[in-house]
Structures are given as structure tokens and as C-alpha cells.
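Report on one structure; see the data block that follows.
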Amino acid sequence: MRIEQELKLGFKDVLFRPKRSTLKSRSQVELTRDFTFKHSGRQWSGTPVIAANMDSVGSFAMAKALSEHGVMTAVHKHYTVADWAEFIKENDASVLKNAMVSTGTSEADFQKTKDIMALTDDLIFICIDIANGYSEHLVQYVEKVRAEFPDKVISAGNVVTGDMVEELILAGADIVKVGIGPGSVCTTRVKTGVGYPQLSAIIECADAAHGLGGRIIGDGGCSCAGDVSKAFGGGADFVMLGGMLAGHEESGGEVIEQDGKTFMKFYGMSSQSAMDKHSGGVAKYRAAEGKTVLLPFRGSVHNTISDILGGVRSTCTYVGAAKLKELTKRTTFIRVQEQENNVFGKE
């Protein structure tokens, strides 16, 4: 047993220190980023925010809506090949280039991914997603997928430390997904005692990935636009959002009427609800590691994503970053014990 004494930080532990800026307006800030990925050599240009691959967030409708903003969606893995064929038939490359095909690591998952990717050349992203990215099986699976798809962009995770980021990149991942337990409907840290504060995880994993020419996704922990900015400031190349994009008409969640009000069900992908729906219940050897909540129906996602991106633009003006790419270089975090004045409630 050993104890690491260094304090690790989450988004609530810091604020940006403002800096002199020549920017006169948020409209001058460029949020689009251009990436060329290490292994595939593929290029992608867009706003590096991703809707999470949860079946009450990462729907086909969400992918279509967010593509209008240049934002990506990691489409959840529970759509069939026939569902994908219909989606591809109805949408052009401008939508498909911003849709990630999510997969697990079983042999059936591998075959399904091959079947989906064979439908069109316009799909370029594969998201290999398991809760515990420290499994040697994941590394082997990444190698297998890379051998099968040498020209596709592969994301793999989830992990929270630099050593595993490096191993996954060397195995063939272009992007590593970072985050264990920070999500709003995730209870992994409570059920297992395992995790890592998300901002420190991003800072450390970004350093490891960038040293090898790889990229990272900060996955989870954002509850407001300021947190999204902090993730980018900490070095995340992409930021993945679940709860912030849940509860919308495009989210794909179950709509429930209660006392004349409309709600949408939102749950973690290791929750009782998810396992009842997709696995026939919680296996005897497992514990559910997610919550199920009812969110007030929030209407169209277009307003929400515009508000989030507006907040990130505003962050950039406060620290003098004319481009999102510059934000991490312009970032100085100060440690704090308070974030906001809640006398009239939380924002």
C-alpha cells in the first residue's frame, strides 16, 4: 500500500485568472479546431465538443442536430446495423463525419462495427468504450481494431493516468477517453472507491498524450459551460458531455408525464436501468454503478449547445485567447474555496 500526497483537483477547485486581452468581442473567438490524427492520418475540422455515447444522449437525432454546430456525437452502441443503414441513407457526409460509432470489446461488437463501417466511407470515427480502460484486453482489442481499420480514427477508454494513455496510443488509439467516475449519473466512485479528480486527470493525461502525438477526450464532470472551458484549459483536445445534453427532444430518453409536467429519464450506462434494458438485469457478480434521474424536459438542444459554446467563447475573451487552440497556453488556474454566490440559488 502507498499514499500519494499530492492534492488532485476537480473543476470546482479552480477558477481562471483573467488576463489582458486585445479581443473586443466574443464573436472574434474561433472555436473550430483542425486535427490530423496520429495513426489514421485523418484530418477533422470542427468544434471539439462531443455528446456522450449514452442511450439517453447519443442518439441519431442528437448527431443530426449537433452537426449543424460542427459538434460531434458519440452515437450509443445499442442501435442495430439496420438502424445505422437507415441513418446513413437519410444524412450526408456533413453529419456522418461528426458521428462516432461506439462499440464494446466482444467478438460480436467487433463484427457489428465491421458491418456498420462497411456501409459508408463517410464514417471515420470509432469509439471503443469500456468502464475500466486498465484491462489488458482493451489494449489487445485496440490493436485488433487498428489492424482492421488502419485509416479510421480510433478513440479508446476510459482511463485517468498517463501510463495507460501512453499504452493505448502505442497500441493504435488516436484519441484516449479520460474520466473514471466524474459523471452526473455515475456512482463508480461511491460503489468502488476508485477514481481521479477530473481536472488533474485531464492535465496529466493530456501531457502524456501530446508527448506521443495523441489526443484526449475529457469525459464527464462538466456541469456548466465554465467546466467545459476548464477542461479545455487543462489540455483536453475534446470534451464529452452527458448530463448537460440530456433531457432534450433530441436526447432519445424516455418521456414521462408527472403532475402535468414533462420529464425525461436519464441514467448512467452502468445503472440498474441500463442493465435492465440491455442486459436483462444486473448480473449476480455485479453491482449497479449509476443513477437514474428524471430531468425536466428542456426542449431543443440547439439553445443549450449555443449557450455552452457562448460560455467557452467568453472564457477565451477573459484570458486573451483568440482561438480555442490557444486557451490552454493562456490558462492560469487559481485554487479557490468558492465558485459562485448562491444567495438566490444556483445558476
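Sequential numbering from 1, following the chain as shown.
In case you wondered, yes, glycine gets a Cβ from its N, Cα and C as well.
Now, the feature entries from Swiss-Prot:
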- 108-131, 216-239: NADP(+) binding site (BINDING)
- G181, G183: K(+) binding site (BINDING)
- C186: active site, thioimidate intermediate (ACT_SITE)
Fewest other C-beta atoms within 10 angstroms, as judged across A108, C186, C222, which are the recorded positions: A108
Separation of alpha carbons, G183 (K(+) binding site) and C222 (NADP(+) binding site) (Å): 8
K114 (NADP(+) binding site): tally of other CB atoms within 10 A of its CB: 14
Least Cβ-crowded entry, counting other Cβ within 10 Å, from the binding-site residues listed as T120, I126: T120
Residue pair K114 (NADP(+) binding site), the residue listed as 'active site, thioimidate intermediate' - Cα distance, angstrom, rounded: 30
DSSP three-state assignment for C186 (active site, thioimidate intermediate): strand
Rounded Cα separation (Å) that holds between G183 (K(+) binding site) and A108 (NADP(+) binding site): 27
Spatial separation of G181 (K(+) binding site) from I126 (NADP(+) binding site) - C-alpha basis, Å: 22
DSSP three-state assignment for G181 (K(+) binding site): coil
Collapsed DSSP category at I216 (NADP(+) binding site): strand
G183 (K(+) binding site), number of other Cβ atoms within 10 Å: 26
Residue, out of the binding-site residues G181, G234, whose Cβ gathers the largest set of other Cβ atoms within 10 Å: G234
